[in-house]
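*Asks:* I'd like to ask you about the structure that follows.
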Amino acid sequence: MKTFDLLGSSPAQYSAMGKFRIQGSPVINLSDTVSVNNNIDDTAVSKKPSETVEVTAEQKLAWLGAAEEAARLAGKEVRSAFYREKTVTMKSSPADLVTETDQNVEKMVFSFFRRKFPTHRFIGEETTAAGVPIELTDAPTWIIDPIDGTNNFVHSFPFVAVAIALAVNKEIEVAVTYNAILDVMYTAARGVGAFRDGKRISVSGATDMHESLVVTTAKSLLTPTKMADTFHNLRSLLERSRGIRNLGTAALNMCQIAEGAAEVYFEFGIHCWDMASGALIIREAGGVVLDTTGGPFNLMGRCMLAASSAELAQTVASGLRHDHKKPDTKEPVFLRSTRD
């Protein structure tokens, strides 16, 4: 039996005769007659939105390879525009911006996946902003944030991510978060593990707030009440932790938890496309992802609390003042841990 290194190169380069291994991960058995390629026919897995889809290891390989390829193509477009003059449009406030690059990258990624997987569905930040409703069924659905950290992008602050996740049966199966400016790729496959540039990563495992770094985003232009709640939360955590960091991008903040660079992340008001890739990456790295109240994580719930341990997550949840936003969808989507 052969063993293959998935993240060293494209899955399309591999023959699936026997077994493959993603660096340091458990061996995954494949049929001796299967040939892996990124152009796999997914017609059988999405005939009807209501049908439960069976996910094979072959499909997961193809999906992850395609997600990495799409992220790198998108990243090239983001880098090419990063230091150029940008066309910026305000959405809901002067701090909520969109650029033509956001829109172009989302169209590029959607087109890429439509060519490879014509039966798959899509949820994207910019199409949602344009009025397309969010709908997540059991059918394979790509959830995409073309530029997570648009304010950073506008100011040429080099923490900008392309975030891509694939949900099947309302579970995130593969995820990619790519820092397009610094060329750092975080990936995960459900039940397999989390990786940074092909090397396995894991959370720090810290349980004590006094030994923890916190990452979050302190939003501007809030009402006086919301500003007071924000200051309360920051002060409460500053008094008990080693400090607070803010990269200005939810997706990359989450990856800091996954690779053990920080121990706590929380944020209110974010959307499913901000959270989908990071949620899987953190969980596959051994971390905990919850609602900010300490309850089960709802992908459509507009908030997240992540930590390096369950004890730390509950400690933080008990002291937060919460900012509940209207969910992305009426129907909650509770993601199960791979350890469930």
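Any Cβ shown, glycine's included, is placed from N, Cα and C.
TrEMBL labels come from automatic prediction, so no person has curated them.
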*Asks:* For the Mg(2+) site that TrEMBL assigns to Asp145, Ile147, Asp148, Asp274, which of the candidates Glu125, Glu126, Glu171 is also assigned?
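*Replies:* That Mg(2+) site, as TrEMBL gives it, pairs Asp145, Ile147, Asp148, Asp274 with Glu125.
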*Asks:* With DSSP as the reference, give the number of residues of the region 'Disordered' (318-340) in helix, strand and coil.
*Replies:* 0 helix, 1 strand, 22 coil
*Asks:* Could you check what DSSP calls Asp274 (Mg(2+) binding site) once collapsed to helix, strand or coil?
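*Replies:* The three-state answer is helix.
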*Asks:* In sequence order, which same-chain residues at least six apart have a C-beta under 8 angstroms from Asp148 (Mg(2+) binding site)?
*Replies:* Val160, Ala161, Val162, Ala163, Thr177, Thr249, Ala250, Ala251, Leu252, Trp273, Asp274
*Asks:* Please identify, from the binding-site residues Glu125, Asp145, Asp274, the residue with the sparsest Cβ neighbourhood, meaning fewest other Cβ atoms within 10 angstroms.
*Replies:* Glu125
